[in-house]
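Colleague: Copying in the features that TrEMBL gives for the protein in this structure:
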type	residues	note
DOMAIN	24-467	domain 'Major facilitator superfamily (MFS) profile'
TRANSMEM	19-37	transmembrane segment
TRANSMEM	69-93	transmembrane segment
TRANSMEM	105-122	transmembrane segment
TRANSMEM	128-149	transmembrane segment
TRANSMEM	161-183	transmembrane segment
TRANSMEM	195-216	transmembrane segment
TRANSMEM	281-302	transmembrane segment
TRANSMEM	317-339	transmembrane segment
TRANSMEM	346-368	transmembrane segment
TRANSMEM	374-401	transmembrane segment
TRANSMEM	413-437	transmembrane segment
TRANSMEM	443-463	transmembrane segment
Amino acid sequence: MEDELEPSLRPPTQIQGRILLLTICAAGIGGTFQFGYNLSIINAPTSHIQEFTNETWQARTGEPLPDHLILLMWSLIVSLYPLGGLFGALLAGPLAITLGRKKSLLVNNIFVVLAAILFGFSRKAGSFEMIMLGRLLVGVSAGVSMNIQPMYLGESAPKELRGAVAMSSAIFTALGIVMGQVVGLRELLGDPQAWPLLLASCLVPGVLQLASLPLLPESPRYLLIDCGDTEACLAALRQLRGSGDLARELEELEEERAACQGCRARRPWELFQHRALRRQVTSLVVLGSAMELCGNDLMYAYASSVFQKAGVPEAKVQYATIGTGSCELLMAIVSCVAVERMGRRVLLIGGYSLMACWGSIFTVALCLQSSFPWTLYLAVACIFASILSFGIGPAGVTGILATELFDQMARPAACMVCGALMWIMLFLVSLGFPFIMEALSHFLYVPFLGVCVCGAIYTGLFLPETKGKTLQEISEELHRLNFPRRPQGPTWRSPEVIQSTEL
């Protein structure tokens, strides 16, 4: 009898914490973890895949590929990932509305399974085209999951934990980057013969999600507001919150449902047409662009050459590079804890301001390296400091803007816009970085400094704080900001003028 009563005697917060944690892990391992993992594992087998491409071409035509065509093929393999991400971001909104948040994440693993098969058999088939198609498919998967995961977690979390839970997406991204760097070491799957297994290892997180996520609840907001299923919503809330009092939260959801009554889900282009969404859309576009154009990817790209110039042996550079990914992971965890204490605005302003500071010192250090060799060590320190600053604010907070600033009817479309914008910017930065590096030399970080400064200023002036507020309260505050009331005062009425002729 005691054993039967034991589960019901457990504190509700303990049950809530356990189920919520499992939901975060199940959504994250096959979600943004996949994005970070597939972003970083492609670096280790660069030379091996280029050799395979050349050998395959020579076996088909009898002639080797020229160097510039090998580089072109490699560029295609790399750039097809953000291109697939763009397709996935455009697919995410309709999927989230039609299938729901949880089912969309599960169906999304179809792309991962197909990509892993293509990667695993590409060498045996002698086809570098299979690698290209696989990269496109994992890009589509990343585009879908990066939009739906924050939406799913943000809608499932209680308001006092919503920011921290939604920012867990950044933790899984950073964890995926570090795991990709570790698995790509020469001692593991970075061996010249093991690169097909390295690329196909993206199947493991997908299988883990398929095994765990079906056991966890759907977003209560989706069940009530989109599906109109009160009983399923209550069951999901009980599973997520435990046996505590759910009346207040259910009342808030009903208020949000009433506000959305009679409305249909908005389409992406409609977001730009409504005055009621003006501030939200502007914030999404400005801060979403700033996150991709702030120069963090530049720091990752420039790290290896700076480490080598600073005297790190070439064989050890791969271990130093893992340190950069670990820095972002550490600060993502710190910001996840700090976001509900310090607020979103403070983390964004602080993150961009610090990045501008470290970027300025980094530029000076590069300019003085010929005169003062010790400045290379200063440049190395700036790389780590800039990545830490990015991790504490922009990396995580930007991802939850679409969830918090938009209501239930506009949220899927907002996630589509945010995701498409992110992938387009990532593609443009990847494409333009070599030219920027060649044209600006030591001053290559200067354009990104301007972006960091603009991001901090915009956040301070225009972004409202959302900490500790329900999604309905945030919507009402944004409505007041979009439609400011005119000052009330005595009105003057002119005397009536009778006109004999109408013009």
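A Cβ is built for glycine as well, from the same backbone N, Cα and C atoms used for every other residue.
Not measured: the values here are computed from a predicted model.
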Colleague: Below 8 Å between Cβ atoms, which of the listed ranges 19-37, 69-93, 346-368 makes the most pairs with the transmembrane segment (161-183)?
Modeller: 19-37
Colleague: Verify whether three or more Cβ pairs under 8 angstroms connect the transmembrane segment (374-401) with the transmembrane segment (19-37), leaving out any pair fewer than 6 apart in sequence.
Modeller: no
Colleague: Restricting to the same chain and to residues at least six past its boundaries, which positions have a Cβ under 8 Å from a Cβ of the transmembrane segment (69-93)?
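Modeller: Answer is 35, 38-39, 42, 46, 49-50, 53-54, 104, 111, 128, 131-132, 135-148, 268, 412-413, 415-416, 418-420, 422-424, 426-427, 430-431.
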Colleague: Can you see whether the transmembrane segment (374-401) and the transmembrane segment (105-122) are touching - at least 3 CB pairs under 8 angstroms, only pairs 6 or more apart in sequence?
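Modeller: These two stretches do not touch.
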Colleague: May I ask which of the stretches 105-122, 128-149, 346-368, 443-463 has the most CB pairs under 8 A with the transmembrane segment (195-216)?
Modeller: 105-122
Colleague: Taking residues 6+ outside the transmembrane segment (105-122), which of them lie with a CB under 8 Å of any CB in it?
Modeller: 27, 30-31, 34, 88, 95, 99, 128, 130-131, 133-135, 137-138, 140-141, 144-145, 148-149, 152, 196-197, 199-203, 205-206, 209-210, 213-214
Colleague: Taking all residues of the domain 'Major facilitator superfamily (MFS) profile' (24-467) together, what is their mean pLDDT?
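Modeller: Mean pLDDT across the domain 'Major facilitator superfamily (MFS) profile' (24-467) comes out at 84.
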Colleague: Mind pulling out the one from 128-149, 413-437, 443-463 with the most Cβ pairs under 8 angstroms to the transmembrane segment (346-368)?
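Modeller: Per the Cβ under 8 Å count, 443-463.
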